[in-house]
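Undergrad: Please read through the structure below; I'll follow up with questions.
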Amino acid sequence: MAWPVQFLFRGLRTVGLVLLYYVFSIGITFYNKWLMKGFHYPLFMTLVHLGVNFCLSALARRAMQCWTGKPRIILTWEDYLRKVAPTALATALDIGLSNWSFLFITISLYTMTKSSAVLFILFFSLVFKLEEPNPFLILVVLLISSGLFMFTFESTQFNMEGFIMVLLASFIGGIRWTLTQVLMQKAELGLQNPIDTMYHLQPLMFLGLFPLFLYNEALSLSASEKLFRVTELSPLLYSLMTLSAGGTLAFGLGFSEFLLISKTSSLTLSISGIFKEVCTLLLAASLLGDRMSKLNWLGFAVCLCGISLHVGLKTYYSKNKVPSIRQLSSKGSELQLPLLRQNGDKCEDSAADDYDDEEEEQEISLH
């Protein structure tokens, strides 16, 4: 009876983690779109989110330190500026441009265009030699790019400015996730724990996005009655509360992604992401009235086929001993622990019991 109970427990745990990921991922997409209708300062909103993320990750680090009794990792300034800064800058631009695009495009177009990030992730993975060259990758590229073309072709709600922003965000997102993968696989940095990674990224992300905010929004925001020219306290508190709520959702999204990977696998996150896109489009069509033709839906289906093929190929070749992320760390060392644990925290008896399952769990997703 122990085996069926354990299997049922794992199934329920996986479903719960996927639903938690859906709540934060879909929730922040619709929340940011709703907020942009009355608050037209997406870069400032992103800066507030980064500040909230930093505070929450700092509190989480303090709680973990009190719980384990061990000090958390703090990088030297040299490692911080040389190795973390590029990832932080790419992440800030990806998130900032994505939020900025909500001023111009629908959630449907945003969701579909962001799906093209797989192409750029694939490209930079090949450049950084994190992905093995394969002829099937040409088919993946053709499916995703043709699906994106069909989705945007003669779309009644198409906006070129917003589309270019999301496409640029997807391109930078390819750099972002590739650099994040390289960053977290370097065992000597000690950033395998996502809370530590988020804690170190947020300040540099803030500094990287702040000049763009000064150039584009600072003057108009200073003259706006949303924050700095308020005549009553209640509108100011309302703006701060809504912005902080978005930051909390952003923190929950990042944490739920890494939690899902560490407790299940990167494949689970990738497959969950495919169905999440379907749920997002269906909700956008039913709740927000986004209009999509049959050709648009066909393009979306073709794009999903390309993403699914990519996920299947990664799974097939990982099981056939194609070098994984763990074998590609800078000094050849392996990541031997789940993302939510520190090096050396795992007991030997637990490792022996769960070794086979955790072979896949250690993969870091490029979703």
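Keep in mind that glycine also has a Cβ here, set from the backbone N, Cα and C atoms.
Any TrEMBL annotation is an automated prediction that lacks curation.
The model shown is predicted, which means the values in this text are computed figures rather than measured ones.
Pulled from TrEMBL, these are the listed features:
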TRANSMEM  12-32  transmembrane segment
DOMAIN    15-309  domain 'Sugar phosphate transporter'
TRANSMEM  38-59  transmembrane segment
TRANSMEM  103-128  transmembrane segment
TRANSMEM  135-153  transmembrane segment
TRANSMEM  159-179  transmembrane segment
TRANSMEM  199-216  transmembrane segment
TRANSMEM  236-255  transmembrane segment
TRANSMEM  267-289  transmembrane segment
TRANSMEM  295-317  transmembrane segment
REGION    337-367  region 'Disordered'
COMPBIAS  350-367  compositional bias 'Acidic residues'
Undergrad: So if I exclude everything within five residues of the ends of the transmembrane segment (236-255), which remaining residues of that chain have a CB under 8 angstroms from its CBs? That is, six or more out.
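TA: 21, 23-25, 27-28, 31-32, 35, 39, 45, 48-53, 56-57, 194-195, 198, 226-227, 230.
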Undergrad: Who are the chain neighbours of the transmembrane segment (12-32) in space, where the CB to CB distance is under 8 Å and they lie at least 6 residues beyond its ends?
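TA: Distant Cβ neighbours of the transmembrane segment (12-32) are 42, 45, 99, 102, 107, 110-111, 245-246, 249-250, 252-253, 256-257, 259-260, 263-264, 268-269, 272, 276, 279-280, 283-284, 287-288.
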Undergrad: Which bits of the chain, at least 6 residues beyond where the transmembrane segment (103-128) starts or stops, bring a Cβ under 8 A of a Cβ in it?
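TA: 29-30, 33, 36, 40, 42, 137, 140-141, 144-145, 148, 151-152, 155, 157-159, 161-163, 165-167, 169-171, 173-175, 177-178, 181-182, 277, 280-281, 284-285, 288, 290, 292, 296, 299-300, 303-304, 306-307, 310, 366.
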Undergrad: Within the domain 'Sugar phosphate transporter' (15-309) only, compute the mean pLDDT.
TA: 82
